[in-house]
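Read the structure below first, then the notes.
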Amino acid sequence: MNRVFRNTIFYLLILLVVIGVVSYFQTSNPKTENMSYSTFIKNLDDGKVDSVSVQPVRGVYEVKGQLKNYDKDQYFLTHVPEGKGADQIFNALKKTDVKVEPAQETSGWVTFLTTIIPFVIIFILFFFLLNQAQGGGSRVMNFGKSKAKLYTEEKKRVKFKDVAGADEEKQELVEVVEFLKDPRKFAELGARIPKGVLLVGPPGTGKTLLAKACAGEAGVPFFSISGSDFVEMFVGVGASRVRDLFENAKKNAPCLIFIDEIDAVGRQRGAGLGGGHDEREQTLNQLLVEMDGFSANEGIIIIAATNRADILDPALLRPGRFDRQITVDRPDVIGREAVLKVHARNKPLDETVNLKSIAMRTPGFSGADLENLLNEAALVAARQNKKKIDARDIDEATDRVIAGPAKKSRVISKKERNIVAYHEGGHTVIGLVLDEADMVHKVTIVPRGQAGGYAVMLPREDRYFQTKPELLDKIVGLLGGRVAEEIIFGEVSTGAHNDFQRATNIARRMVTEFGMSEKLGPLQFGQSQGGQVFLGRDFNNEQNYSDQIAYEIDQEIQRIIKECYERAKQILTENRDKLELIAQTLLKVETLDAEQIKHLIDHGTLPERNFSDDEKNDDVKVNILTKTEEKKDDTKE
């Protein structure tokens with residue numbers, strides 16, 4: 001926006017200057033009429049001449065004057081040759097009362113400027129237009145210059161205190177900070193500080209924030225660049241930018257260089273369909289040389305971030321280059337609470353907001369997810385003109401982050417509403433009965449995003465690995481919705497397609513990756529689906545098992561799904577009263593949280609408090625007998 005404004009102002013100034021110069025010349029040059037010598041003599045004899053000025057110009061006399069009937073800005077101009085003609089005019093002027101005014105001498109500078117100014121204006125305008133066409137300045141010559149941004153200001157530096165939920169990761173980077181502050185301490189002991197630190201982890205876990213905090217704590221210049229900024233369409237530009245980056249870093253040493261998304265330039269050489277990318281490989285080669293080549297780069301530490309460390313070139317990860325890898329994972333419940341406290345500093349929270357409870361309800365959330373959750377809560381509160389963010393705003397924000405905004409205006413038929421209620425009720429009952437299944441933290445039949453309703457099924461605690469019974473119970477929980485539809489309505493709908501997708505994926509990984517098939521044994525088959533595929537490397541990978549094994553894999557997956565389906569059917573049949581109670585309550589209040597579900601199962605009623613903005617507790621009390629009878633009436637209709 002600023003650049004557009006500056007360009008507009010520049011063009012306006014150029015236009016005003018041109019208009020001013022043209023106006024000046026037009027106003028400074030009065031109307032002049034060329035008059036012949038004979039006519040001038042006749043007018044002079046007739047007494048029509050009022051005033052004249054005579055000025056010698058290049059061998060003639062330039063006579064400029066006004067007739068008595070002329071306007072104020074009207075003049076005549078005639079030229080008189082030297083000699084008798086001039087003497088005749090001078091003698092005639094002496095005999096008349098014509099005013100002879102001294103000639104106005106024009107300064108040489110004025111003449112020069114009036115001649116040169118139009119050319120200067122044209123040149124400046126042409127130069128500016130050429131500048132714009134080239135993208136500014138000597139852009140063609142600057143292709144090889146680094147695009148890294150240098151941060152040296154002391155204000156608004158990120159510190160380690162601004163990074164929460166990554167205590168171990170921060171500790172790993174403390175050595176880097178100490179080296180930048182006091183390198184002699186390490187040199188005296190013969191220690192070599194890591195030249196490169198690679199931050200690996202899922203998106204949104206704070207890799208870039210950790211790098212900024214490292215530079216902020218050390219108080220040194222901080223160069224920031226993205227991996228995609230190196231490679232351009234022109235050959236050799238990437239390598240040139242790498243050289244220029246390290247040249248600038250040497251001038252500002254000690255310093256930090258942060259390369260975000262380094263996999264854009266550091267992926268394996270020679271990989272890719274149709275061969276490698278020569279320009280990218282040339283850039284990578286130059287980066288390898290600069291990091292650990294013949295010329296030492298003392299005082300320069302490189303921090304890079306990626307979420308695809310599996311595709312990086314091995315030469316980039318060897319000791320002497322990125323010889324320290326720090327895994328920045330999603331925070332656990334304690335880390336999530338710490339992250340929430342950091343992002344809640346500038347937000348007024350109501351006393352009903354419990355950050356620890358929010359942390360327990362958000363397993364798997366990254367730091368960016370938690371920041372977005374609190375920001376959404378602030379937006380929800382502001383939309384309702386509240387002064388503080390309360391627990392309801394947090395709940396609404398959590399739902400928006402997980403499933404999208406509520407579609408309260410969507411028109412849903414009574415039949416579809418019943419199907420959704422019993423579908424979500426099936427998930428809920430399975431979560432209540434099975435100890436190893438994911439627990440339902442919230443269930444609703446309010447449409448959100450693409451879903452007609454949803455149940456928030458989360459692990460009971462943070463898990464870093466899962467047992468076979470846990471995985472089987474998870475599949476049973478996913479199938480609970482479809483089974484409930486079949487038991488209650490005797491028919492099934494398309495609402496369970498996502499449940500089937502997730503359940504099938506778990507069963508397939510149990511058989512092909514985790515070795516949990518009794519028939520096939522502890523073997524792994526094919527490409528691990530837990531890791532991401534790199535097409536250039538994995539395209540030509542052949543199937544490492546026979547067609548017979550492939551058939552047996554399919555049979556094992558079907559067996560697991562069928563057994564879990566039958567198990568879910570048995571559980572819901574035995575607990576049909578709970579299914580009816582939860583489904584009918586959902587049809588009345590639309591949304592239930594974990595506390596309400598527990599109280600409903602234990603006492604047959606909802607707890608004595610408001611559950612929605614529209615309904616009071618007295619209006620939503622239900623019991624098993626009443627709701628079962630209502631269901632029978634509905635099915636008769």
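Every residue gets a Cβ built from N, Cα and C, even glycine.
Now, the feature entries from Swiss-Prot:
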ACT_SITE  Glu424  active site
BINDING   Gly201, Pro202, Pro203, Gly204, Thr205, Gly206, Lys207, Thr208  ATP binding site
BINDING   His423, His427, Asp499  Zn(2+) binding site
REGION    514-637  region 'Not necessary for FtsH function'
TOPO_DOM  1-7  topological domain 'Cytoplasmic'
TOPO_DOM  29-109  topological domain 'Extracellular'
TOPO_DOM  131-637  topological domain 'Cytoplasmic'
TRANSMEM  8-28  transmembrane segment
TRANSMEM  110-130  transmembrane segment
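Each residue in Glu424, Gly426, Ala455, Leu478, Leu479, Gly480, Gly481, Arg482, Ala484, Gly495, Ala496 lies on the same chain as His423, His427, Asp499 and has a C-beta within 8 Å of the C-beta centroid of that Zn(2+) site, without being one of the site residues.
Contacts of Gly204 (ATP binding site) defined by a Cβ separation under 8 A and a same-chain sequence distance of 6+ are given as Ser366, Gly367, Ala368, Asp369, in order along the sequence. Taking the centroid of the Cβ atoms of Gly201, Pro202, Pro203, Gly204, Thr205, Gly206, Lys207, Thr208 as the ATP site, the other same-chain residues with Cβ within 8 Å of it are Leu199, Ala305, Asn307, Val328, Ser366, Gly367, Ala368. Each of the binding-site residues Lys207, His423 was assessed for Cβ neighbours inside 10 Å, and the highest tally belongs to His423. Sequence-distant contacts of Gly201 (ATP binding site), defined as residues of its own chain at least six apart whose C-beta falls under 8 angstroms from its C-beta, comprise Lys207, Asn307, Thr327, Val328, Asp329, Arg330.
For the recorded positions Glu424, Asp499, the ranking by surrounding Cβ atoms (within 10 Å, all protein chains) places Glu424 first. Per Cα geometry, Asp499 is the residue among the recorded positions His423, Glu424, His427, Asp499 nearest to Pro203 (ATP binding site). For the pair Thr205 (ATP binding site) and Asp499 (Zn(2+) binding site), the C-alpha distance works out to 27 angstrom. Cα of Asp499 (Zn(2+) binding site) to Cα of Thr208 (ATP binding site): a span of 35 Å. Ranking the binding-site residues Pro202, Gly206, Thr208 by Cα distance from His427 (Zn(2+) binding site) puts Pro202 first. It is Gly206 that, of the binding-site residues Pro202, Pro203, Gly206, has its Cβ surrounded by the most other Cβ atoms within 10 Å.
Between the alpha carbons (Cα) of Glu424 (active site) and Pro202 (ATP binding site) lies a span of roughly 30 Å. Averaged across the topological domain 'Cytoplasmic' (1-7), the predicted model reaches a pLDDT of 59. Mapped onto three states, the DSSP output places Gly201 (ATP binding site) in coil. For His423 (Zn(2+) binding site), the nearest of the binding-site residues Pro202, Gly206, Thr208 in terms of C-alpha separation is Pro202.
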